[in-house]
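Quick notes on the structure that follows.
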């Protein structure tokens, strides 16, 4: 069994490599994303909180290419490159955390409901239908407003309340297909426990789909966090994010006369999300190919 899983994992890695070789855009996107994450996290490790919290009025709104400030400064006299790195790190951290929770909850619930089916599955799906029709953005904003001592973990928890639904339904649908395959029926006949069948036999066969779903969920969470921060309902005051940088554009004067304060963050979000989507589409094709050949 261990040898078989090892071969499957090698086959998965090989399939992904081959797809990236064929899809040059996805390959370039992968290299770009790795470079962005390395630069953002390594750079931010050497910054102190005072670097992006302290205000220097004397350096307010310095134009790009000013000595010591390649992309200029913002309304607090803070270097745009520095703020871009810190903001990107904070936005990525929120997106990573929500994506992790989404995948864990979505995979567990999706596999369980898809495997057992029946009345439990019917009731659970009606519950997810109800959650999906709720105005999630408005509810998130209300929670952000009323929760005392709101912080980053609060935001992660609030977003995660609604984020797992789509992943759960996707994993459930694929699990229901796997349940009818011969290897599952053979395991049931041999007396293998339901837990082992679900998470040691069925779930590994969903790995490509899970990876593809993770990339797209991550891109969506970056967009959601950015949107909330742009509206003023994201990360708490004093914690910069890409959304708070773009919020500078809400001032008409700043939008037209000082575009360097918000354009860099907009470009980063656009390129990063597009790169993640290109990678996710390539991984989705790998998942579909592996499913078709089984």
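Glycine is treated like the rest: Cβ placed from N, Cα and C.
The domain 'ABC transmembrane type-1' annotation in Swiss-Prot covers 88-280.
Among the features that Swiss-Prot reports, transmembrane segment is placed at 27-47 (among others), with the record citing sequence analysis.
Look at Swiss-Prot and you will find 94-114 (among others) tagged as transmembrane segment. Within the same chain, residues 120-121, 124-125, 152, 155-156, 159-160, 163-176, 178-179, 198-199, 202-203, 206, 210, 213-214, 217-218, 221-222, 224-225, 235, 241 sit at least 6 positions outside the transmembrane segment (94-114) and bring their C-beta atoms closer than 8 Å to a C-beta of that stretch.
Nonlocal intrachain contacts for the transmembrane segment (127-147), taken as residues 6+ away from its ends with a CB within less than 8 angstroms of a stretch CB, comprise 154-155, 158-159, 162, 165, 168-169, 227-228, 231, 233-234. The transmembrane segment feature in Swiss-Prot is assigned to 127-147 (among others); the stated evidence is sequence analysis.
Swiss-Prot lists 151-171 (among others) with the feature transmembrane segment.
Residues annotated as transmembrane segment in Swiss-Prot: 202-224 (among others).
According to Swiss-Prot, the transmembrane segment annotation covers 260-280 (among others). Beyond the ends of the transmembrane segment (260-280), by six or more residues, the same chain brings 23, 25-26, 29-30, 32-33, 36, 61, 63-64, 71-72, 74-75, 80, 84, 87-88, 212-213, 215-216, 218-219, 222-223, 226, 242, 245-249, 254 to within a C-beta distance below 8 angstroms of the stretch.
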